[in-house]
Amino acid sequence: MARLLLPLPIAAAAASRLRLPVLSSSVARREALLFGGRVAAARAPVRLARRGVSAGAEAGGSSSAAAAAQVIGQDEAVEWVKKDRRRMLHVVYRVGDLDKTIKFYTECLGMKLLRKRDIPEERYTNAFLGYGPEDSHFVVELTYNYGVESYDIGTAFGHFGIAVEDVAKTVDLIKAKGGTVTREPGPVKGGKSVIAFIEDPDGYKFELIERGPTPEPLCQVMLRVGDLDHAINFYEKAFGMELLRKRDNPQYKYTIAMMGYGPEDKNAVLELTYNYGVKEYDKGNAYAQIAISTDDVYKTAEVIRQNGGQITREPGPLPGINTKITACTDPDGWKTVFVDNVDFLKELEE
């Protein structure tokens, strides 16, 4: 991938000394709970959740590429990607004051600090926050790079979505805590849903969506694209996502498409937005990527290739860590990292 100005570092030292384990009974139980009773074969433990993948980790061996190319044919790929057990795991982005951001997310947005890890030898700190355990919820991974106090969010990233039962009450709380409200509560343009917009300390926008109780309050990541139909086709065929709904708003000159692995009221989804006539955006250097789980990073990479995606990190373990991942960019240059299912659960167990 193209190197960002301040890439997320790899905690190579934190990857410590792992053995290739037999699938533990606790991991098996968690897999059965997460994926309807099906348990995959044992794989090496992953450390993706401990790091942000840097451009330095993008190098992959040609042998890995050759192996991946032999894993799955085009006909098989169509069916396999539909059956692969995928879930949006976390979204990674950079912040300038980690403690201030954690305080805002916990006190104003009601998130919980799930874990925090400082890696001084790599000069960065990660914090994971969300509304439930990482093995069953979509969460945020905040990255603070030592000495970097601000980033450029750009114009391509849109917002994160949070479902709340009372938007007005949540907005009042945020105001009382000194937060910034950029759009007061009210019906969405062209619809009936009650929403509001707020900004966190780094300027990331959050859409508050009034909705009944949901198992996945952190429910959306909105990204802007230059060709919506092309993007939808890619996410359906390469990522195995479903087009949940599509809405054109000619009055306001934009169209949205909701893509995901299950209904919006129960799962985190990707909201793709096309603004009439806008083909390109500035991505800045603040937002990083989404991580998605998979049963097989090698097949995943090949399916992505077959559908026009660019592999930026060949499938396989990260050096010295035995972390099986693959990374890619979509037609608009948005990065995604795919993580082995069993390895991810093993990481959380440690």
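The backbone N, Cα and C atoms fix where each Cβ goes, and this holds for glycine too.
For reference, TrEMBL has these:
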- 1-15: signal peptide (SIGNAL)
- 87-211: domain 'VOC' (DOMAIN)
- Glu141, His159, Glu207: Zn(2+) binding site (BINDING)
- Glu207: active site, proton donor/acceptor (ACT_SITE)
- 217-341: domain 'VOC' (DOMAIN)
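Each of the binding-site residues Glu141, His159, Glu207 was scored by the other Cβ atoms within 10 Å of its Cβ; the lowest score goes to His159.
According to DSSP, the secondary structure content of the domain 'VOC' (217-341) in residues is 21 helix, 59 strand, 45 coil.
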